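Taken verbatim from Swiss-Prot:
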| type | residues | note |
| --- | --- | --- |
| TRANSMEM | 10-30 | transmembrane segment |
| TRANSMEM | 35-55 | transmembrane segment |
| TRANSMEM | 65-85 | transmembrane segment |
| TRANSMEM | 100-120 | transmembrane segment |
| TRANSMEM | 121-141 | transmembrane segment |
| TRANSMEM | 156-176 | transmembrane segment |
| TRANSMEM | 184-204 | transmembrane segment |
| TRANSMEM | 222-242 | transmembrane segment |
| TRANSMEM | 275-295 | transmembrane segment |
| TRANSMEM | 300-320 | transmembrane segment |
| TRANSMEM | 333-353 | transmembrane segment |
| TRANSMEM | 370-390 | transmembrane segment |
Amino acid sequence: MDGLFAPIPSNPLIDFTILLLVTLILPPIFERLKLPGLVGLLFAGIVLGKSGLGVLNEDSESIKLFTDIGKIYLMFVAGLEIDMVDFRRTRNRSLLYGSLTFAVPLLTGLAVGLTFGYSFNASVLLGSLFASHTLLGYPIVQRLGIVRNQAVMVTIGATIFTDIAALLVLAICISIHSGSFSPAGLVVQLVAIAVYSALVLIGFDWAGREYFRRTGDEQSNQFLFVLLAVFLASVGSELINVDKIVGAFLAGLAVNDVLGNSPVKEKVEFLGTTLFIPFFFIGIGLLLDLPAFLVTLTTLFPLVVAIVVGLILSKGVAAILAQWKLGYTWVEGLTMWSLSIPQVAATLAAAVAGYQAVNAAGDRLVSETVLNTIIVLMLITSIVGPLMTAKFAPKIPIPNTLSSLTEDLDDPEENGAVTLIPPKASTFTVLVPTQNPQTLSYLLEMGALIARHESGVVIPLAIAKAPVHMDDPGLTSRLARNELLLQQATELATNLKVDAHPALRIDDDVARAISHTAREKNADLIIMGWSQQTLGLRAKLFGSTIDSVFWSAHCPVAVMRLLSDPRSFHRILFPIKNLTPQTLELFQFTQRLAETNGAIVTLLHVCPHNTSPQQVQAFKTEMERFLNQCRATADYPIKVICHDDAAKVLVRVSHTFDLVVLRSFRRRSVGGVALGEVTDKILREITSSFVLFGDPYA
């Protein structure tokens, strides 16, 4: 239809600007309405497309490019987010559950398609759309501390099998639909897919490791390498007549181990989740014909019900069969079911690929009716799945990680390189950068107290920014100023009866100077000052000094905001989310802080409001065992509060404490210092002193 804004010229710049504006404004509005942000993007696509104002044209080259990149990025991130370490631990069980949660929904979708008169090929593709799933409930189980539960790990691992199998079925169905299918051709196609998959999974993994090893800390080039890998794999898949999303997903799996939890991964995901993936969802809205969509919901309502109910029930049957075969509890089986319900990433990308597959007769493999129904399915399952996870997952007991703690620590490679601070034969060394004179006094005092407790030394570090020429007059003045700072720091340490070994570096990168000096001096701990700018947009886009030190340092890093003399800290709050080896390390650090002043450490755990009294008591018992594992000699009060807003509780409780100890979680962020959502909110609102602790590779 001719839109109201038809006079506006259509060009890539205008299209891109509109897409950015929509991506920025609409998702937060819909989230305030308790709806997923992607619903807002779909709504925007409908309003701006042919069924609304006609501002954006889905057939324009720029829109096609943006949505294609978004689709590729969506599948790449889906492969990148799979935890390969957990998958390797449970691969046999994951294969069993993956086979069940693929086969049962596939057969169900096939039956639904044939019942409603679709061809066998289209019905098989419909079944494959049922088979995959998106782990929208992962943040819930992660918040509850049950990610290490075997049933949850198996469900996560099964995602690899379901997504790969569904994408392979898509490739075959598109080949058949194009008319180029024959038994011999199918064999050739399968061989080509197998060879191509091996080249991507093995070749890209090897190339990535070699490139990252040779480039060291050159994150910009590594970032470009990852982008090249994604799009090269996508182009390669099209060369063998397989949809580009297959290559993107395989590329995500291939570079998964190479990236680990590095800053490069965070920035790659940041680019996709904030820019290109939202464009894909807007593009889906542009494809929707609103009158046809309403017709689907009314005249073809039985098809909608059959697809939605068939998907949910088939996933339930697969979960029950796996629960029975693997010996899990009913609650674990129901949680597996809830996690496998949401249909977003692979499902939607495959549905769009099928919709865009047109044969010589002009027929689409996935009809407009089915595409509309799949969108309804996505909306319903993306809401129902997480709601069910939130209902069933809290009933799963938190895994008893203490029983296997020693085994995990003995194998740091298997456990994500956990590095407890062991007693060393050499002198305990604390490194304190002196970049900010206003915070130097308290930071150095804290470092000296810890070093004195360990009969160690403190290294005040001053860094002069390196100019192009070493005879620059500005460098001379900076060196003089830094030498004065080091002299003051040495006097302060001497007053606290601690040996100080000052160090002065000339470097053009502050973070690199800190991490290199720490390694050269064999430091056991780095203490830095907190900057509120670390939470700003610039830091999230480009990183910060704190972020870089967190990622590059060989030893634990403690970033502190100290509002008073550290010797006055007598009440320390230690929030404890779940019992892991990393928690043990952080608690050991907190013990050190407490013992320097004879402070009392209070352990606080915030659990969901619907947690049963039995579960609360069980967690208290686990924490008591945890303290015994730490060989705690003092009494440590334990608090458990049931509330759904952990950040709000922690901020409120922190008012009565002198110091709060928090951890930097790298996994769940997209840029800057990687913080959990709760930690990020706490740091923005907390009014007391705090320590943000990060250990290498965590």
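Any Cβ shown, glycine's included, is placed from N, Cα and C.
Remote same-chain partners of the transmembrane segment (333-353), defined as residues 6 or more beyond its termini with a Cβ less than 8 Å from a stretch Cβ, comprise 38, 71, 74-75, 77-78, 97, 101, 125, 128-130, 132-138, 141, 151-152, 154-156, 158, 162-163, 166-167, 170, 174, 243, 245, 249, 280, 284, 287, 311-312, 315-316, 318-320, 322-324, 366, 370-371, 374-375, 377-378, 381-382, 384-386, 388-389, 391-393, 396.
Counting same-chain residues at least six beyond the ends of the transmembrane segment (275-295), those with a Cβ under 8 angstroms from any Cβ of the stretch are 19, 22-23, 27, 38, 41-52, 56-58, 63, 66-67, 69-71, 73-74, 77, 348-349, 352, 355, 368-369, 371-372, 375. No contact links the transmembrane segment (222-242) to the transmembrane segment (100-120), because fewer than 3 Cβ pairs that are 6 or more residues apart lie under 8 A. With a cut-off of 8 Å between Cβ atoms, the residues of this chain six or more beyond the transmembrane segment (370-390) that come close are 35-36, 38-39, 42, 118, 122, 126, 129, 134, 136-137, 140-141, 284, 287-288, 292-293, 296-297, 300, 303-304, 307-308, 311-312, 334-335, 337-344, 347-348, 351-352, 355, 608. Between the transmembrane segment (184-204) and the stretches 65-85, 100-120, 121-141, 156-176, 300-320, Cβ pairs under 8 Å are most numerous for 156-176. Counting same-chain residues at least six beyond the ends of the transmembrane segment (121-141), those with a Cβ under 8 angstroms from any Cβ of the stretch are 78, 81, 101-103, 105-114, 147, 149, 152, 155-156, 159, 162-163, 165-167, 169-170, 173, 176-177, 307, 310-311, 314-315, 335, 338-347, 350-351, 354, 365-367, 370, 374, 382, 385-386, 388-390, 393, 668. With a threshold of 8 Å between CB atoms, the same-chain residues lying at least 6 positions outside the transmembrane segment (156-176) that come near it are 78-79, 82-83, 86-87, 90-91, 93-95, 97-99, 101-102, 106, 121-122, 124-125, 127-129, 131-133, 135, 138, 147, 185-186, 189-190, 193, 241-243, 245-246, 249-250, 253, 339-340, 345-347, 350, 353-354, 357, 365. When each of the listed stretches 10-30, 65-85, 100-120 is scored by C-beta pairs under 8 angstroms to the transmembrane segment (300-320), 100-120 comes out highest.
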